[in-house]
Amino acid sequence: MDIRSNARPIALLAGYIALAATLTVTCIRTIQKGVAKRTSAGTGRHLLGFTVFPLLAALSLAVTWYHLFHFLEWSYAAWKGRRLLRPSNTANIYVAQWLRETALFKQAWASAFETPERAWWSLQIFGFCANWSVMLAVQAKKRKIPHLWSFMLLGQVISISFAANLFFLAVLAHDIVAPAAFPQSVQPKEKLSDAEDSEDDDDDEGEPKPKSRSQPHKALSPTVAPFWYQIALGLSIGCAVSVPDKFGTPAFTRILLAIHVLAYAPLLLNKVLRREVPAPLLRQPALYLRIANLGALLAVGTMKVQAEGGDFALVLEALHEHPAVSRLGWDVVFCWVSFGVWQVLGDA
């Protein structure tokens, strides 16, 4: 057996674990630096959040990684079964062969969408990821939190719920630094539509216009990133809705990769469109929109289950039917809890 051919897959697995650890440390340091620089006093909700979100993060990490390693164990056993290998003292070589011959990413997602009941759980994680991607971009502009891309990457490497809870802590730790209103140098046509500008002229005719900077304008133009956030969000949800129909086709993996890439689109928009936006206009997606996105994915998943004659009892059974589904399913459960708590304790 070529030792060099074994080194690469084992190095990739070690690199995966090292990446997860590095990203976790980066996110925790971001939180710590925010706390050190924070000037405003925290409210009772903030203090409660600093207690609740670390607990949720720890629980999410423990449960989802338990199922992740269970999946790796299952994958290895399945590979050995296909190869008709017997236990021996060369188990390390078997591990290298397994990693070299198994596409774990494809295997995990294929297992997660193999039946409609499994897909019911797996689809929801796309909705939470899409909603969260906009929240990341909003807070990047609103609070100038550094390295927010690392939170998204951590979510894709470990679990969305774990990374989201760390993100919630980062938001609580950082003060708002975005301006209260558009700068005076921004032309009115860039702040308001022609119709709105005309109405303002009519209303204020003969009266001096106030020069207060405290009142932000209500419209956003295509020259600012938040205008495009909803488009990126819609593309992500649109791709997610199509995943079950593409299962078993070459397009399945491509769509999964597209969803993973689109998760960074709102943050990339911030880099491309750098204009400052008033803090009151930098808000996370409205609650009804976030629920609608998740509702659309739940509706698709439910229709697929019913079309195959399934019911909710089978959906519940599917949660522990396969370790790949358990990992995603429990990530979804923790997302529901964590984002629900954020709705109560967090800042928009």
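For all residues, glycine too, the Cβ spot is worked out from N, Cα and C.
Remember, TrEMBL labels are computer predictions, not curated facts.
The compositional bias 'Acidic residues' annotation in TrEMBL covers 195-206.
Residues or ranges marked as region 'Disordered' in TrEMBL: 187-219.
Marked as transmembrane segment by TrEMBL: 6-26 (among others). Listed as Cβ neighbours of the transmembrane segment (6-26) (distance under 8 Å, sequence separation of 6 or more from its ends, same chain) are residues 92-93, 95-100, 147, 150, 153-154, 157-158, 166.
Annotation comment: TrEMBL describes 47-68 (among others) as transmembrane segment. Residues 158-159, 161-162, 165-166, 168-169, 172, 323-324, 326-327, 330-331, 334, 337-338, 341, 345-346 of the same chain lie 6 or more positions beyond the ends of the transmembrane segment (47-68) yet place their CB under 8 Å from a CB of it.
Positions annotated as transmembrane segment by TrEMBL: 119-138 (among others). Residues 109, 112-113, 148, 151-152, 155, 160-161, 164, 167, 225-226, 229-230, 232-233, 236-237, 239-240, 243-244, 247, 259, 262-267, 269-270, 282-285, 290, 293-294, 296-298, 300-302, 304-305, 315, 318-319, 325, 328-329, 331-332, 335, 339 of the same chain lie 6+ residues outside the transmembrane segment (119-138) yet bring a C-beta within less than 8 angstroms of a C-beta in it.
Feature annotation from TrEMBL assigns transmembrane segment to 150-173 (among others).
Using a Cβ-Cβ cut-off under 8 Å and counting only residues 6 or more beyond its ends in the same chain, the transmembrane segment (251-267) has close neighbours at 106, 109-110, 113, 126, 129-130, 133-134, 136-138, 140, 148-149, 152, 156, 225, 228-229, 232-233, 235-236, 239-240, 242-243. Residues annotated as transmembrane segment in TrEMBL: 251-267 (among others).
Residues annotated as transmembrane segment in TrEMBL: 287-307 (among others).
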